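A.B. asks: Just dropping this structure here.
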Amino acid sequence: MKLSVTRWLQVSSLLVLSLGISQFSLAAELPLQAQSIQAYGRDATSLNGEWKIIVDPYENGYYNYRYEPFDQQENPSVNAFFTDSKQKTPSDLIEYDFDKADTLQVPGDWNTQKEKLYYYEGSVWYRKKFDAPAAKKTDRQFIYFGAVNYRADVYLNGKKLGVHIGGFTPFHYEVTGKLKPKDNSLIIKVDNKRHADAVPTLNTDWWNYGGITREVKLFNVPRTFIRDYKIALTSLEQKTVTGAVLLDGAKGGEKIQLRLPELNIKQTLTADKNGSASFSFAVPDAQLWSPETPKLYSVQISSGSDKLTDNIGLRTITTQGKQLLLNGKPLFLRGISVHEEYSADGGGRVSHAKEAQTLLGWAKELNANFVRLAHYPHNEDMVRLADQMGLLVWSEIPVYWTINWKNEATYQNAEAQLAAMIERDKNRAAVIIWSLANETPVSDVRNQFLARLAKKARALDNTRLLSAAMEKHYRSDNPNIAVVEDPLADLVDMVSFNQYIGWYDGLPEKADRVTWEISYNKPVFVSEFGGSAKQGLHGDVNQIFTEEFQENLYRKTLGMIDKIDGFVGTSPWILADFRSPRRLLDGIQDDYNRKGIYSNEGVKKKSFFVLQEFYKRKAEQSKNAE
Ligand code: GCU
């Protein structure tokens, strides 16, 4: 489908709108920093590394003793931590000192860096001192955060830049004219407390890792710069590439060069008065992107003195009745679910590309061609590596379990996270599915909330499929017939559901007698199944938590779901054991959910080989069907 310029502007203005509204400020104004930005690959000054920190459980650095926020006072007290104050006279009473404070590494969660912070849920102040990088007088400057979990109050040289809500999506602030040549003080209050109205809500089955968990960087752009672009293969028959570029600071008439050197594409576009230009051209000789051939083309966009490069895969993803089609050919998703955690070395949140590479490498060893990145947008390295390694991606927002469907601020928060996820990864060929929710209880308010979200997702990106992990139940007149019936199924392109026959629902043998009734003329995907096993614990196949129990559960479940009409794949729960505050069985769980087919150190369990063999057969069947 062609993205007209108006459509594109609608999309980008929608993006601006949705990114600008945080959970606590539903005001209509749009702080400048809320607009989208393409940060990956820009020359930048990294602010990663050692940051000074102050653990502040009572938020003593944020509220005065009357519990009034310091940052809403005309002249904040020197005891407001964001002023980064120092004694001027020996009698000055200042009850904090960043220079003498402890440190944490950024990016990284605090829980696995300091034993005293393992369970900590509260506020930690972070400070980074830095000199402003050289910039032309006409340059504009931005500070970019890959993600901060969960709420970030951001201050530069004592002045508040803004508040960001949401633990897994990027955000940035324009700091043009706000930097000093030397000794800038960037201070962030990071608060990972859970809230009933938040997204996710109070209860999750994953560790609440707090901190500046992804990169922080500062970059300069010229006065007129490339704010955003979208590029995709939009017609398989005509091999047409369509897209648009959005300049910021344009007056109209500016020239934009677009190059795909390997395809001999060299276009000069002209920005309209809004700074936007769209394009469409044929690439008859292009090699399509697929898991088997993850071909990426270098794309170069330049305008004036600004230049951006990216690597783009060209593919289409569509459905036809119960079939999933990649580049017009039937696709079977040999998947696995993945949390963004790598704890083999005692760590927690994935904080470096090499950890992401390891996790995706484990998936490739499985003969997987698909990863369900649960239950929140993963870091950008994960998605870009999937582009390179040939792994299709399901990306989701943490609308998980019992969200507060009635709260407008909760909806705005979910929508902002959805928009930020789509904005960041809209050019990644590997991403084929945006997922709206996981195991959410059916109700009218939940249906309305998700219908709004689905509409928004389609407005932001109608080149990908929508899905959501729904739940099953049994026919009232026959306990051996499982059904998936959910109003959400009418809103999505692929009917996905989690089911735990053999674990939470009977024993593995139950899978031998259950059949499925799923009456949507759409592809059917099993987004979770599984059971726990402590790696190295062996015993009788009926002994729970043994590798033999899990292995048998995989055999029985795969046999059952492979018979489902319209079955297009699965992403069993889960690649590797992961930390969860809900998994407290000493000697077996020890704070870990053990449903991994790998241990958290990367040791394969017996179930790994059952799934690997199943996927090997599926890959051969797909190849023979071509
Ligand atoms: C649910 C949920 C997962 C959870 C899993 C489990 O399906 O989606 O987040 O970890 O079950 O209970 O292990």
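For all residues, glycine too, the Cβ spot is worked out from N, Cα and C.
Computed from a predicted structure; not experimentally measured.
Marked as domain 'Glycosyl hydrolases family 2 sugar binding' by TrEMBL: 85-222. Annotation source TrEMBL lists domain 'Glycoside hydrolase family 2 immunoglobulin-like beta-sandwich' at 248-315. If you look up TrEMBL, you'll see 320-585 marked as domain 'Glycoside hydrolase family 2 catalytic'. Annotation comment: TrEMBL describes 1-27 as signal peptide.
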A.B. asks: Mind looking up the mean pLDDT for the domain 'Glycoside hydrolase family 2 catalytic' (320-585) in the predicted model?
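C.D. replies: Result for the domain 'Glycoside hydrolase family 2 catalytic' (320-585): average pLDDT 98.
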A.B. asks: Within the domain 'Glycosyl hydrolases family 2 sugar binding' (85-222), count helix residues (DSSP H, G, I), strand residues (E, B) and coil residues, in that order.
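C.D. replies: Taking each residue of the domain 'Glycosyl hydrolases family 2 sugar binding' (85-222) in turn, the totals are 6 helix, 52 strand, 80 coil.
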A.B. asks: Quick check on the domain 'Glycoside hydrolase family 2 immunoglobulin-like beta-sandwich' (248-315): DSSP residue counts for helix, strand, coil, in that order please.
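C.D. replies: Residue counts for the domain 'Glycoside hydrolase family 2 immunoglobulin-like beta-sandwich' (248-315) by secondary structure: 3 helix, 34 strand, 31 coil.
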